[in-house]
Structures are given as C-alpha cells and as structure tokens.
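Student: Structure in structure tokens, see below.
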Ligand SMILES: Nc1ncnc2c1ncn2[C@@H]1O[C@H](COP(=O)(O)OP(=O)(O)OP(=O)(O)O)[C@@H](O)[C@H]1O
C-alpha cells in the first residue's frame, strides 16, 4: 500500500506542480484503508478543509485506480496535543452533529497508526456544544498552524486558465480591472456566487496578477475561516496588537468565503475594523461570498452595508456553452484526446457546478489511462454512472428540506435554524442524510445549505440516520417513504 501511495503522490505532483504539491500534498500522510475507506492524515484543520475541497476527489480517484475496493477517502487532523476537552465522546444523545467528535480510544484502532486524532471521519474536533465557535479553547486544534497568514495560491488558478462566458463575464471583468489598476477604483470588490463556480479561482487570479504587476505590493489572501482562527489565536496569546498590525499594513487584503463569519460576532467586529482601516487608507479590499452582501444572514447590518459599497459582481450558474468551453480548455490542459461528443455529453449532463465537471473529466481521463483504452461515450457513461445518476435526479436540497419539513410538520426555517430540540433536529438530520444520498453535493456544501453548519455535522447526521434505520423500523419506513417521494 505504501508503494501505491508513493505512486499516487508522484501523480499528484505531476498534476498540480511543485509549488501546490509542496504546500498542500507533501504534508499528507497515509494511515491505512478500512472498509473501502482510505484514511489520510493532515497536520492542521485548515489544511484538511483545503484538501477536502480541492484534492479529495482526485486522491480518491487515484486510489480507486490503484485499488478497486477503495470507495471513499477520509481526511483527519493529526493532533498529538489536542486537549482532552476537544476529544470528548458523544453517546449520540445530543443529536446536533457538531458534537460528534469520537473519543480517541475509538480512533486508535490498528488501522489508524499515527498519533491520535481530533476527530473521526473527515476532520478536526468540532467545538463541543459548550463552546461557541469562536471560543479560544474550542479551536485549540488549529493553533498549531503558525504559518504565514496568507494562504498559498494555487498555480492553476490564473486568469489565463479562467474561461469567460456570459455567467461570469462581469465578475471576470471586475477582477481584471482591480488586478491591473494602478489606483483603487472600487472598494471593496465583492464577488459572489454559488458553490464551485469559480470565486476562489478568480481571487487567486487577482492575487497572482497583482504580484506579477508589482512584486512589492503586499497582498494577503486567506479564507474568512483562517482570518477567524488567526484572530482567536491572537486573543489566546494576547497578541492582538500584532494581529491588527499584520492585517492593517497590507496593500491588498483578500478574504474568501466571508459568509463563514456569519454569526461569529467578535470576529465580525474585528473584521469590520480591519476593513475600515484599510479602506480609509485607500488599500484595496477584495471579498468573496456565496451570497450578495444584503443576503448574508447573521452578518451585522453595518458590515453588510459596508461590504456593498464598492462593486458587487455575481457569478451566475453556468450555461451549456460555458461548461463546454471549460471542458475543452481542461481537456487541452490535460493533453487528453477526448471526442467532442463526450465533452458535449458531459456539458449537457453535469450541470451542478464547475468543480464537479472537472472531477468528471479527471475521472474519465484517469480511467482511460489506467485501462489503456480510448475515451468513448460508452466508457464515460460507465465510469460516471453514479455522478450521472445524481445529476439526472436533480433533486435539490431546497426540495428535500421542504418535503422533509412537511412530513415531520416543522417549519422549513428550522432546517437552517440553530434549534437543537429533538423534534426539529432529527428531521434536519434526515434531510441532511437525504441530501447526501440524493444529490451530488459534498458534505461542506450540504452543511452550508443547512444554516452554515460544519461538514462534520452532516457526517454525524448521516451516520446517525443510518444507525437509526437499522434499529427503528418505523423510522426506516419514514426515511424510505421520503426517499421514494423525492425520487419520483
Ligand atoms: N470559468 C472557469 N474556468 C475555468 N475553471 C473554472 C471556472 N470556474 C470554475 N473553475 C474551476 O472549478 C473549480 C471550482 O472553482 P472554485 O474553487 O473557484 O469555486 P468557488 O466558487 O470558490 O467554490 P466554493 O463556493 O466551494 O468556495 C476550480 O478548480 C476552478 O478552477
């Protein structure tokens, strides 16, 4: 298995290039395979999230190529020093998912060799319910991440590699303008759009371009999540002056996925002051989010209005033409001979987002290479049958939430709310479970659709529902009924 892992690492290095490989993939270690699931260990929570969003599909595909039994991968944070409070067990009584951190004892099975983990499948220990998300104690597991505050940029995410079409032309033009401007024109630039439509790609492209135009300009790019953790760390180490200094001395500040700090009041407060200080000094601020400023629930009103002061540009869902253009560009970049009718087929069938489209293309290319056969429509349908089925069904998470809420006689709003009473939390878990089963959405995406919950919450919901289906026949029947209704 170690040899297989070594081969996979080699492939990844060739695909993503030296810089991204060193930043994101070299630190990964392989911990074993159990029940068709490969376990990968990463040093920090931030890195886990990045790997999950950007590389998990590819790593899984490469593993399946090496070992056909492999179905999924599991990325966990190694945390030898995780405080005991974080690894507290949950007996399943408390049914909100963020409390699902399994006990270290359960994790230190024969398969799981290195150290201990701050959580089970998919991740670092989420804060226990007693802590708020922003509690310094609760996020101790990320405090070991003492790297540069700016996140590394993905070398693939440049303007040259960004395909422009109707849905993203405004966002692209605005991004270009800001990247090439010699003075600040719109401040902030606010880019927003649905999952996997290219926000991060555009943010990185701006950063690359600014650095290229003037290497002396100090550009900081980071996710809102990392901003929060930096802030918490500063509080914990009583280092807030240095924190403020660090952020307020930049020429360009770029914050990705700002919706993450919704509901996190002290981080918002700090962000608001940082933002104002920079805008006042005429420094460029660039923000991305999944919603427009006015739709950012849980964000203070003064911050929402401030975010909308500059230029707000949205990225719309892709059109067939854009999807085909992206597929052609990616196929060229992979140097893969793919018949046009296969690309057209994919552009018709996979409509959810660009990330999934890319994943599909990578899968068929990897498969063809492995079996040594040319790519055809038939092989594409065969290799992607799961994905195509999920896209065919086209059940949306909104529909699932509506149906499940009706069935259990609760309000749809409770699917997003923080209420933890069993009467609403259980249906919410059922809806998360069905979202995982019936849509092609990833765990983080599902979490976001349920009031911005963490992906570990979704994982916990899926496990809990699976468990209850085996122990409670009436419950199993309910779930089955809902599934049939949604599929029909
Ligand atoms: N117009 C485009 N041209 C080329 N590649 C694209 C385009 N749009 C998106 N992509 C690719 O799709 C993938 C997902 O894009 P990205 O990570 O930027 O999405 P996002 O909007 O930031 O998603 P999330 O909401 O999950 O953060 C990336 O690999 C990116 O390169």
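Glycine is no exception: its Cβ is also placed from the backbone N, Cα and C atoms.
TrEMBL: automatically predicted annotations, no manual curation.
So TrEMBL lists these for the protein:
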REGION    1-101  region 'Domain I, interacts with DnaA modulators'
REGION    152-368  region 'Domain III, AAA+ region'
DOMAIN    185-313  domain 'AAA+ ATPase'
BINDING   196, 198, 199, 200  ATP binding site
REGION    369-488  region 'Domain IV, binds dsDNA'
DOMAIN    396-465  domain 'Chromosomal replication initiator DnaA C-terminal'
Student: Using other CB atoms within 10 angstroms as the count, which residue among the binding-site residues 196, 198 scores least?
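Tutor: Across 196, 198, these binding-site residues, the one with fewest Cβ atoms within 10 Å is 196.
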Student: Which whole-number mean pLDDT does the model give the domain 'Chromosomal replication initiator DnaA C-terminal' (396-465)?
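Tutor: Mean pLDDT, the domain 'Chromosomal replication initiator DnaA C-terminal' (396-465): 92.
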Student: Other than 196, 198, 199, 200, which residues of the same chain sit close to ATP? List them in sequence order, counting a residue when its Cβ is within 8 Å of the Cβ centroid of the site.
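Tutor: Along the chain, the qualifying residues are 193, 195, 197, 201, 202, 288, 315, 354, 355.
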Student: Please work out the helix, strand and coil residue numbers for the domain 'AAA+ ATPase' (185-313) from the DSSP assignment.
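Tutor: The counts are 67 helix, 24 strand, 38 coil.
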Student: Are there any residues at least 6 positions away along the chain from residue 200 (ATP binding site) with a Cβ closer than 8 Å to its Cβ? List them or say none.
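Tutor: Set apart from residue 200 (ATP binding site) by at least 6 residues yet with Cβ under 8 Å, we have 154, 157, 256, 257, 288.
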Student: Which numbers of helix, strand and coil residues does DSSP report for the domain 'Chromosomal replication initiator DnaA C-terminal' (396-465)?
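Tutor: Taking each residue of the domain 'Chromosomal replication initiator DnaA C-terminal' (396-465) in turn, the totals are 51 helix, 0 strand, 19 coil.
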Student: Taking the Cβ of residue 199 (ATP binding site) as the centre, count every other Cβ atom within 10 Å, in any protein chain shown.
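Tutor: Its Cβ shell of radius 10 Å holds 24 other Cβ atoms.
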